[in-house]
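Sequence annotations record features per position, and here TrEMBL assigns domain 'Major facilitator superfamily (MFS) profile' to 9-440. The transmembrane segment feature in TrEMBL is assigned to 7-30, 50-72, 79-103, 109-127, 148-165, 171-191, 246-270, 282-303, 312-337, 349-373, 385-405, 411-436.
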Amino acid sequence: MKNGRVFQYLVASAVSLAPATLGMCSLWTTPVMPKLRNNETSIRITDNQISWMLSLSPIGFMLGSLMTRFICDQLGRRATLLLSAVPIATGTIIAASAKVAWLLYVMKLLWGFGTGMISSVVSIYIAEVSDKDIRGRLTVGTRFMFNFGGLLMMCVGSFATYSAINYSLLAMPVLYFSASLWIPESPYYYIMKGKTEEAKRELLRLRGGEESFDAELERITAHVKKDMTHSTSTIELFRGRQYRKAVIIVVGLKMAQIMTGSQTVLQYLGVIMEESKTDIRLPVMIIIFGAVKFVVGVISSILADRVGRRPLLIYSFMTCSIALSIVGTYFFFLNVIKLNHDSLKTYGFLTFLGILVSSISSTLGFNSIIGVIQGEVFPMNVKAVAMTTLNIYGGILGFSVTKLFQKVKDVAGLCGVFWMYASIALAGSLFCYFVIPETRGKSLREIQVLLQGEDYEVEEMREMNVKDCVDEGVLKEVKVNESKI
């Protein structure tokens, strides 16, 4: 393996400690919620307060994404990642010391804020520092670490006390802050700021002094300069015809990803399993769920650059739809038809199996691949704006789907909840089939040509011609001056 590749893997490993922290935070409620409901903590909290606590995380996510919009392009990708450790650590300290329910609101808000920062910057950073041949693998690897963090939380949280869970989580933001101190800044960021020497230094570290180093630096410089000649406002993102396909792709994917309810189901997993009346013990289910999700995360990091983005998206949404439909059907017979529990007892495992299969398919497919596509489809000049806007959009969807869970459950029962999720997953599969292009193995420039078509190449040729004309004019002037001499 080339030295540059080894260093890129090390950098991605350090950065991926941040998603691992997010994995622990996001699944904190899975083992903790039964403890809160069964009065195993000093905090007294109602179901309505739990619903609001979970719903505040997307609000914090939006605020963190909005903050990232300003600091990512001003201070750099690395500084943004380092700063994200502050709200995560502060929220964890509050969780460990909280005695009243409203403090958990603050904790979830802060965790959401840090999640918004990390989610916005990690996909940008990995896409900019990695070779195109391993970009998908490294990006999906961060998702694998997210699943690893979830596994840690499920294993520790199933048996540890509430205090022990929170204090063990506090080590994570400290760990990824320390690891990220030595990672390089993105060469794209330095070139965007006109710091060519710094960009050379960081690119040399990332590529290990390969022969093609100069050519790649020129390519990156030309790519950044071209992209930065256009406006970077949010309005331009939606008005610009050249960004239209990218916006449609990410907006559709994000809606399908969040509205399938994969994260909400994980948060309410303990409650769902209790209502399914299965005989499997909850701690055992939680650990099995976390272990399988982790193993599948390893496989997903391999598939991203071998199978391709588009097939994984299509089939993962389809599988998720089938699995969630089965879960909804079980609850239909249990709660609506009201079949005798003894007659359904044999099939009680279907609830857990269906949720597990949907989680496996989402981990192998859309939950892993969407992060890759988000970092690929936007050009440099709108990338930070696009990521921030997309995360705000995702936060609104996350808030809605979390609040909808309890509302739909009260009106239509759990069968209505899961059938709704299954329908959205089916729509997501169709969307991917008809709209999503394949980006595997393509450079960031090639992806822009794929999305913008002839417009991108014509614009690129026009700018090259302008540059050639300028250079030719300078050359003629030099020759005139030489003749005079």
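Quick reminder: no glycine exception, Cβ is built from N, Cα and C everywhere.
Long-range contacts of the transmembrane segment (171-191) within the same chain: residues 11, 14-15, 17-18, 20-21, 24, 73, 76-78, 81-82, 85-86, 88-89, 92, 114, 124-125, 128-129, 149, 198-200, 202-203, 205-206, 217, 220-221, 224-225, 380, each at least 6 residues beyond the stretch ends and with a Cβ under 8 Å from a Cβ of the stretch. If one looks beyond the transmembrane segment (385-405) by at least 6 residues along the same chain, the residues whose Cβ comes under 8 Å of a Cβ in the stretch are 51, 54-55, 57-59, 61-62, 64-66, 68-69, 72, 112, 116, 119-121, 123-124, 232-234, 237, 243, 246-247, 250-251, 254-255, 258-259, 261, 263-264, 267-268, 374, 378, 417. In this chain, the transmembrane segment (109-127) lies out of contact with the transmembrane segment (411-436); the count of Cβ pairs under 8 Å, excluding pairs fewer than 6 apart in sequence, is fewer than 3. Counted over residue pairs 6 or more apart, the CB atoms of the transmembrane segment (282-303) and the transmembrane segment (148-165) come under 8 Å in at least three pairs, which marks the two as touching.
The predicted model assigns the domain 'Major facilitator superfamily (MFS) profile' (9-440) a mean pLDDT of 84.
With a threshold of 8 Å between CB atoms, the same-chain residues lying at least 6 positions outside the transmembrane segment (312-337) that come near it are 253, 256, 260, 262, 275-277, 303-304, 344, 347-348, 350-351, 354-355, 357-358, 361-362, 364-366, 368-370, 413-419, 421-423, 425-426, 428-429, 432-433, 436.
Looking at which of 7-30, 148-165, 246-270, 349-373 has the most CB pairs under 8 Å to the transmembrane segment (109-127), the answer is the stretch 7-30. Non-local neighbours of the transmembrane segment (7-30) in the same chain are 54, 81, 84-85, 88, 91, 95, 111, 114-115, 118-119, 122, 125-126, 129-131, 134, 138, 141-154, 157, 165, 169, 172-173, 175-176, 179-180, 182-184, 205-206, 208, 263, 266-267, 269-270, 286, 290; each lies 6+ residues outside the stretch with a CB under 8 Å from one of its CB atoms.
Remote same-chain residues near the transmembrane segment (349-373) are listed as 122-123, 135-136, 139-140, 142-144, 147, 249-250, 253-254, 256-257, 260, 262, 265-266, 269, 272-273, 276, 278, 280, 285, 288-289, 292-293, 296-297, 299-301, 303-304, 309, 312-313, 315-317, 319-320, 323-324, 326-327, 330-331, 425, 428, 436, 439 (criterion: CB distance under 8 Å, separation of at least six residues from the stretch ends).
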